[in-house]
Amino acid sequence: MISPVPSIPRSAHRQRPEATPYVDLTRPEWSALRDKTPLPLTAEEVEKLRGLGDVIDLDEVRDIYLPLSRLLNLYVGATDGLRGALNTFLGEQGSQSGTPFVIGVAGSVAVGKSTVARLLQALLSRWPEHPRVELVTTDGFLLPTRELEARGLMSRKGFPESYDRRALTRFVADIKAGKAEVTAPVYSHLIYDIVPDQRLVVRRPDILIVEGLNVLQPALPGKDGRTRVGLADYFDFSVYVDARTEDIERWYLNRFRKLRATAFQNPSSYFRKYTQVSEEEALDYARTTWRTINKPNLVENVAPTRGRATLVLRKGPDHKVQRLSLRKL
């Protein structure tokens, strides 16, 4: 008599991983992908690139940002190859000389996206294939303070509606069109406003990095209901810097403390008034700003764009990247 095959509990079966559009990698797995890419930055250079309150060091650059610079170098090369194929297809009409490779960097206030953008600029400019790398922040496309006040938007500064989104999209579109020279407004964190009569000039870089809270936001429909082209439609690659909301809040408050002891001391600083009250009063203001402006903007507008990124960097409580998710091709 043949004995019946015992049933195997469902939990004992090997579970097939759920299919996702991303390849998920641990820090060690990602770090191994740098291959033999040399580290072109010194500790002093990293220190200068690091944002206030950020803890990026040479190990973080070596483990996280070197592999990313290698990946981006491969993307740029592949794009050049595709451009050559397109020129071959177009024949006599295929005289494209190439347009800048555009990278978007998004994430919350205080999450460290500005440091990520500066590191990428420094690392990518060391590759001989693309030495000219420009970095533009979306702060320059905030509406001037006078305009924000007139529209009742000062308490919404940083929300999508506080930007001149049409001008920002046009700026990147002109870069992508290959225009010889494109200009952008300049923002000053000291005066908390656009600097009058000052422009940033961008002249056909190999790579353009666009960094800001809302760079991955989809375009709003026009008044006629038609879908518009959005800023992110011009990106060749995008990075979202992610972390737990509680950690970002703690980093934000720590950064505010340090700014109060340094930059806010400048007599020209918009925030100097917070150096003339007690630390607890100043921190109460910072907590209120987080609770009423930065956190709602993160939850409503910034975090929902995470799924649009090519690469998601997930930071732990110590500001170090722990996991990464890379979109499949």
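Yeah, the Cβs are placed from backbone N, Cα and C, and that goes for glycine too.
Residues or ranges marked as ATP binding site in Swiss-Prot (evidence: sequence analysis): Gly107, Ser108, Val109, Ala110, Val111, Gly112, Lys113, Ser114. The region 'Disordered' annotation in Swiss-Prot covers 1-21.
On the structure: features taken from Swiss-Prot.
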residue: Gly107; record: ATP binding site; Cβ contacts under 8 Å, 6 or more apart: Lys113, Val116, Leu213, Tyr240, Val241, Asp242, Val302
residue: Ser108; record: ATP binding site; Cβ contacts under 8 Å, 6 or more apart: Leu213, Val241, Ala243, Ile248, Asn294, Leu298, Val302, Ala303
residue: Val109; record: ATP binding site; Cβ contacts under 8 Å, 6 or more apart: Gly158, Leu213, Ile248, Tyr252, Asn294, Asn297, Leu298
residue: Val111; record: ATP binding site; Cβ contacts under 8 Å, 6 or more apart: Val241, Asp242, Ala243, Ile248, Trp251, Lys315
residue: Gly112; record: ATP binding site; Cβ contacts under 8 Å, 6 or more apart: Gly51, Asp54, Ile56, Val241, Trp251, Lys315, His319
residue: Ser114; record: ATP binding site; Cβ contacts under 8 Å, 6 or more apart: Gly51, Thr137, Glu211
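Mapped onto three states, the DSSP output places Ala110 (ATP binding site) in coil.
Within 8 Å of the centroid defined by the CB atoms of Gly107, Ser108, Val109, Ala110, Val111, Gly112, Lys113, Ser114, the record's ATP site, lie the Cβ atoms of Val241, Ile248, excluding the listed residues themselves.
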